[in-house]
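TrEMBL annotations:
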- 5-226: domain 'HpcH/HpaI aldolase/citrate lyase' (DOMAIN)
- 66, 129: substrate binding site (BINDING)
- 129, 156: Mg(2+) binding site (BINDING)
């Protein structure tokens, strides 16, 4: 899977902010055309995104565009302008049904044929922002191979639920929502991203972001949306294995393989860690992720 710890949002009509984002450690840049862009600036944002996709060097960062909903007054023009430029992925807003996802899938498939691009080369990341979207998340995630990730939009979701979004760092307000999304994503074999983080007044921003993101990681999220540049290194650090974790994982895998080679098939312990297939597989995942990060840095 692609490296997607941090998906940094940049309005399409903010070229200076885009340059700042490109100098950051963010894994992905999401060019925003939807809710964060005022209606009077939609056309300007679309033109800015087109220019960026055509002319800007993204320096290895993934190029993602969130379009407006196809039923909106801007959605059709977004698709016509953005799809032929073959972004790495389209972030699809307000996903609720498989029919909606498959409609976009067909439009992208048409573009790929017209442009001579490989099938499913333009990926889809679904944004879940309503109760219906949460309830249908697994079905949408598996309806086409083009879907490679699902992400939470907590602002619209809490509004649709008729509640105020809690900023309590220990809140369980959206616990079921997040657990359902993670389980659906794991079952579908796609990545899963939490919403942008907002710290309550009077709370250390870095501490809050780190605590909130660690909870996400423990739950099974693979990354999160990011709205502010200072959040990027904190979130990246949380999702990156440490050198100590990497070295321990290497020793666990080596010890496990050595035990099997010696004919031991049960009760395998290395440095006090009981090893079986799931534990060793998790260690291999840590090794793979760490080495992927090391290759990116080098």
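In case you wondered, yes, glycine gets a Cβ from its N, Cα and C as well.
Sequence features, as recorded in TrEMBL, placed on the structure.
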residue : record                 : DSSP (3 states)
66      : substrate binding site : strand
129     : substrate binding site : coil
156     : Mg(2+) binding site    : helix
Distance between residue 66 (substrate binding site) and residue 156 (Mg(2+) binding site) at the Cα atoms, whole Å?
15
Can you grab the distance from residue 129 (substrate binding site) over to residue 156 (Mg(2+) binding site)? Cα atoms, rounded to a whole Å.
5
Just name the winner among 129, 156 (the binding-site residues) by count of other CB atoms within 10 A of its CB.
129
Here the mean pLDDT of the domain 'HpcH/HpaI aldolase/citrate lyase' (5-226) is 97
